[in-house]
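Report on one structure; see the data block that follows.
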């Protein structure tokens, strides 16, 4: 290619990415072969290797390099003026040559990409302007005034506007130079040559003039042509026809019938006679206007001469000339544009062609069954030559086929769409060898038009199936002492592939112990025994047979062959093991499986039927025949018995039967079914700790045991309560309690630690122990400490007992103590006064008593008056006074007050007996009587030693303690003792005593 050709190659790249790749190249027409237009690999950013580029649309003008994607011209030149899509369009519009290139990734084996593009074919000045005739004739009346204009026929140029006709020139002889001139007007981008009359014409002097008209284009270099312009001078004709409108526009529906009127042009001429008569003609109309239209010369009506197809011609533009019929006719022209409107007269077109590596031949596409889902089988182009709604096409795959349409380009127009026909599911040659895929396209016209195209897709076989034996296990009974070469059985396999992929070869795969005993025919699969078999040496033979196909990549299938040698009952049942040992969890329910034994008898039939039994049959175990499962008849408790030993007897069904024995040992595994038990110290015991003890000093050691074993018996210790000052810590492993920090004065007194002892079982079990630590220099009053411990036993665990809780309030406690002592003193004084008064009353009563005489006033009798509210006794009667007591029915009125403060200290019990018998002056007589001693007792409710022990053993299920309450009734300096009041019943009226006691209590409260 020389430098000039290279210089003329002006191509530019404009990449327009919209969905699929869309590329625009520009190149001048008439380029020599192998001219590079563009490089797709470089323009699309694709590697120049590993991809296959294939030209789908663009031949024969283009070719594509398969490796680089470079687009070149071919031996067929690209002539803008001959391209089909450029011939009928307006010259001002650009001319495009469309192309499509598929790109297939050969490395990843993906579906091809479709690259669409257009090449703008730029015009070069390769055409010369041409006049319609070499001689052009114009008639000019002799009386034409100077400056009048007459149209000159136009010259045409097939090139575009830039290279089209751009100017006209007029050359005249000496006789015409002063009479005629040239004016070039412009209408809608078109140059219009007009002849100007410069002087007066005289037809009698000269009736014609010959001029030369020259048309020049705008190319470089310029091209031009000339024609003879003959001006004929005619007689006078004053007026020219004049159109009512300068331009006419109309719409014509395509396929309009012949003779259909399109529009009417109309001109007026004010002359009379022939000079005013007008005839209409199409002015210099070029194809295809004269082919499809005609005009009525008299009326100016334009008719359809041949039906128009909008898809071929979408508009017609031309001039209409109105000329009068005078001897020297005058004319004028108007411009007419007719737009051809669409009618839904074209059914969609479905074009199916190959794409990428998938080639088509006679409407058949071949695709391998191992292609991945989504593989493009074909490129489907659906187009409709109509426009608007008539061109909107819907395209689907008919029927239930494993194919679908996927848009190949987002830049497609409504009347032209491209789709990939791709697979939706894996193809399987063995299921379907071919598909007929019908593609239906329907436009949106009314009525809608449709079309169908079909593609036959043939699935090619690949060796993707292995031979399959049916069944996969061949079992046969074969008698011993056979003849060498005797047939044992035949195995058959099948392959779903076809051709050589389904041709099979058989072989035996056996271990060294069987190798050489059997052989197989490689073609038929018949198995033979090569030597006699001896059941005493081997009763069962098992080996594999394989079938391999003859595909390029061979696949194999296998099956198992089991040969059982028949024999007589000459073998004992045999357990698989010489002894069995099983481990089971304790607490399993009866009838639970504890183990399984396997027993075999190499004999056959009844000789191999084995019955199992337990010996000796102690009723603890049974064995299931058939499965060999040993079941327990009891629930195991490891703590009672850890293992069991017995024998199983196996007896076959031969005659005579044969038997064998095996020993079985059942080991019972531990289950975490026991709580830890604290053995030391007891809950009611306590340990004294000196206030001078240093941190890390040993305080106490908690000892516990668990009847379980293993992790279920591994214990951990922790303090869960009663340690608010964090004075103590416990070793989690051995339970040793040590002092964590120094003791202060407020820490003196009793401390109760709540210690949790947990095992490591899953789930873990635990118990709770109470550790009492009494912080003091000495223990001077053991009874008081035991009382505190007793109270602690019944105190809820969420309440902390940790030393003196009222430390810091000594003054307040002193006031309370003094108040309490004053109250007690007051009560004692009241009691003494009551005793004295009662003594006086009884003495007076005794001295004034007479047998059978009713006293006017009885101090101990109930009140005879009815209560103010009018209520009666239980039987609705008023209470009666007691009868006078005789000497034989002596009744003593006794009152005593008893203080029992054993729960606080060793103070002696205070007994104040006030026992008087009514009517008897002898006080000592009462002490010798058996009458009860009614008294008011304050007794501590602390449990005895035996009760404390019982409290330790009967801990609640949640390992918590429930207190008894009663702290509101405690007295003295004991903050933890619990007391309750009990009143002994008296045979006498105690109303006065009760009043005194209430009064005493009221005084005590006031003093407190």
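Backbone N, Cα and C atoms are what each Cβ position is placed from, and that goes for glycine too.
Annotated compositional bias 'Basic and acidic residues' per TrEMBL: 845-858, in sequence order.
What TrEMBL records for 869-880 is compositional bias 'Basic residues'.
The average pLDDT for the domain 'Cadherin' (19-131) in the predicted structure is 83. What TrEMBL lists as domain 'Cadherin' is 19-131 (among others).
Marked as domain 'Cadherin' by TrEMBL: 132-243 (among others).
According to TrEMBL, the domain 'Cadherin' annotation covers 244-350 (among others).
The annotation domain 'Cadherin' is assigned in TrEMBL to 359-469 (among others).
Annotated domain 'Cadherin' per TrEMBL: 470-575 (among others), in sequence order.
As annotated by TrEMBL, domain 'Cadherin' applies to 576-678 (among others).
Here TrEMBL flags 699-798 (among others) as domain 'Cadherin'. Shown for the domain 'Cadherin' (699-798): DSSP residue counts in helix, strand and coil, namely 19 helix, 41 strand, 40 coil.
Residues or ranges marked as region 'Disordered' in TrEMBL: 845-891.
If you look up TrEMBL, you'll see 1-20 marked as signal peptide.
Residues or ranges marked as transmembrane segment by TrEMBL: 816-837.
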### Summary
Grouping DSSP H, G, I as helix and E, B as strand, the residues of the domain 'Cadherin' (470-575) number 4 helix, 50 strand, 52 coil
### Task
Count the residues of the domain 'Cadherin' (576-678) that DSSP assigns to helix (H, G, I), to strand (E, B) and to coil, and report the three numbers in that order.
4 helix, 49 strand, 50 coil
